[in-house]
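Let me begin by presenting the structure, written as structure tokens, before commenting on it.
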């Protein structure tokens, strides 16, 4: 009788709990990517809506503002609830809001419906922003307890910023090549949302309700007195970066078609993808920079990018290359400013989103 030696299957010998948390980790990453990606699906399609219904670029800006309103309301009213009610229920609520938004886009494609759908999208992204990173951090700690938490933070950043580019690129390609431009992108993302929901239902919970459960209160914010100037600078940076990126992402498709006479929806989606792809590169390449240096870089890039976009429009023959370059530079600058602002907020110990933000992100202080 002979025996045969076999190499142990590491996956088979891993504890079931660790495997389940690993599955949950990648499920949350997928859901994060899909939910954030869905927020930019309309970006390459706004020009079609405007052409069909005859509304102006100002109306497109208002539609984008409805999304911003949804994000802000969600962060204020629900940003802390995953600490009390669990990560999974809140992420499932975000998926439900996104699915409802997709249904509204499909069934009510007129202007009032666009406003409603964008508010719902904003609510979904706000819940996701305040829940998914903490969920990823806890799942990572459960299945890789000896690994540095930085991996989870990088995964969250990649899913967040990368998702913004992914959604616009996918929508542009689908609208260009699959036909039914105002229907197919939403159907595809609705299917992805359903898949993500099924995966999250199977993911383990990492945060359980306290007993007794505290009474509900809207989000509170506490800023140490000695850090208010830094916090004000961070807040101003976020507002400016959000406005600049939002303006470019919301109006890129219209600018391409009306000013540059490029009507390709794939190009419109690819332009938004380029903006956030450069942002990811900047975030990765400046990982060890002190925040003062990063802030200077971010502001300089945003100003230079805006100047290039203006030049692209004012040239005797408007230039696509200059416009795309400006968008890429804006993306790098905006993401640098966002990263700077988050570092300042966490470093000064501001309770701005949830206690979890401080628990997982607090540093001794930002290095200037």
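Every residue, even glycine, has its Cβ placed from backbone N, Cα and C.
Annotated features, as they stand in TrEMBL:
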type     : residues : note
DOMAIN   : 23-368   : domain 'Major facilitator superfamily (MFS) profile'
TRANSMEM : 23-49    : transmembrane segment
TRANSMEM : 55-78    : transmembrane segment
TRANSMEM : 90-109   : transmembrane segment
TRANSMEM : 115-137  : transmembrane segment
TRANSMEM : 158-178  : transmembrane segment
TRANSMEM : 184-203  : transmembrane segment
TRANSMEM : 231-253  : transmembrane segment
TRANSMEM : 265-285  : transmembrane segment
TRANSMEM : 294-315  : transmembrane segment
TRANSMEM : 321-352  : transmembrane segment
Non-local residues, at least 6 beyond the ends, that sit with Cβ under 8 Å of the transmembrane segment (184-203):
20, 23-24, 27-28, 30-31, 34-35, 37-38, 41, 45, 88, 91-92, 95-96, 98-99, 102-103, 105-106, 139, 167, 170-171, 174-175, 178
Would you say the transmembrane segment (231-253) and the transmembrane segment (294-315) are touching, if the rule is that at least three C-beta pairs must lie under 8 angstroms and be 6 or more residues apart?
yes
List, by number or range, the same-chain residues at least 6 past the transmembrane segment (265-285) whose CB is under 8 A from its CB atoms?
40, 43-45, 47-48, 157-158, 161-162, 164-166, 168-173, 175-177, 181, 245, 248-249, 252-253, 256-257, 297, 301, 323-324, 327-336, 339
How about the transmembrane segment (90-109) with the transmembrane segment (23-49) - do they touch, taking at least 3 C-beta pairs under 8 Å (6 or more apart in sequence) as contact?
yes
Pairs of Cβ atoms less than 8 Å apart decide it: which stretch in 23-49, 55-78, 115-137, 231-253 has the most with the transmembrane segment (158-178)?
23-49
